[in-house]
Amino acid sequence: MATTKSFLILFFMILATTSSTCAKLEEMVTVLSIDGGGIKGIIPAIILEFLEGQLQEVDNNKDARLADYFDVIGGTSTGGLLTAMITTPNENNRPFAAAKDIVPFYFEHGPHIFNYSGSIFGPRYDGKYLLQVLQEKLGETRVHQALTEVAISSFDIKTNKPVIFTKSNLAKSPELDAKMYDICYSTAAAPIYFPPHHFVTHTSNGATYEFNLVDGGVATVGDPALLSLSVATRLAQEDPAFSSIKSLDYKQMLLLSLGTGTNSEFDKTYTAEEAAKWGPLRWMLAIQQMTNAASSYMTDYYISTVFQARHSQNNYLRVQENALTGTTTEMDDASEANMELLVQVGETLLKKPVSKDSPETYEEALKRFAKLLSDRKKLRANKASY
């Protein structure tokens, strides 16, 4: 039902898009979206490190950071953590983490985050170390201080509604100006794995506002690309920097969407005969895997359809590994051996073709994206200087 509704929304977006005007490069809206997936966040971290390295090379600037080039960076679960790491400012008002720092972060802290709590009835992990390290790294920083627009999702189990943390929402909903560590823990608090997170903020009149949040994947089913595009669309309508964008047009969007890998095409498939013998617990685990795999595929399908309909397929790049096997399929296997395998998955993915119909590799496509991002940044800087 939810996927049908999403498709209809996008279908009417296409119908509403009548302008054939191509945006000037400096006025294109650039969007980065990062999926959820626990320790598998190592895979998009490898991709981000490569892209940031390319931007530094193209611009001959070792201090170039991803937040300098993207108008919107969105993520859910581990993707929300990556979003915070590359957009939260340090004391010099620069991202506190470079992309190359993310994989070492997983290696240092992953084994402690995914350390079995020993509880039979509660979540698999108590979440204490995760919250502690997020507090240490992100400090008291709040959403409004992010270096670019962010879109981090969570789900409130008390109101039964998604909660989207963005800078652009704060004027209307100041209670969303939460601390980044609270947001990061909340978006990563996957049911079964971590406890839900409770915290409070304040409304414009000073009243206490309560949150009871779980994993953002409950709201976006693991892939926040549609959410990130929605935030980018609103940004384009409200920000004077994008004055040439008169109506929704995906020719005017540049979207990079990073997955954390799936195994839907190669592993953990089932027959009707097998599934007929399952009990509730086995079905619960299988449904989670199936839902994540189906959602990732359908979101990519929807977005690809929209960009192709606007003859803008080169403006969208989905980087995803669909052949995970063995321990690399697990979101919580933080053993050193498995993390090394995930690094290899990311590095190998860069050499793979983007599609069966194109010889272009992900590495080549990311270099093309880096050049576009660099050119747009320079054009925008020149325009601002007049």
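Along the chain as shown, the residues are counted starting at 1.
Cβ atoms here come from the backbone N, Cα and C positions, even for glycine.
Listed in Swiss-Prot:
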- Ser77: active site, nucleophile (ACT_SITE)
- Asp215: active site, proton acceptor (ACT_SITE)
- 32-229: domain 'PNPLA' (DOMAIN)
- 36-41: motif 'GXGXXG' (MOTIF)
- 75-79: motif 'GXSXG' (MOTIF)
- 1-23: signal peptide (SIGNAL)
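Using a Cβ-Cβ cut-off under 8 Å and counting only residues 6 or more beyond its ends in the same chain, the motif 'GXSXG' (75-79) has close neighbours at 33-41, 44, 151-153, 187-188, 190, 215-217, 219-220, 222-224, 227, 258, 260. Secondary structure at the residue listed as 'active site, proton acceptor', taken from DSSP and collapsed to helix, strand or coil, is coil. Mapped onto DSSP helix, strand and coil, the motif 'GXSXG' (75-79) counts 2 helix, 1 strand, 2 coil.
Put simply, Ser77 (active site, nucleophile) is 6 Å from the residue listed as 'active site, proton acceptor' when counted between their Cα atoms. Sorting the motif 'GXGXXG' (36-41) by DSSP state (H, G, I as helix; E, B as strand; all else coil) yields 4 helix, 0 strand, 2 coil.
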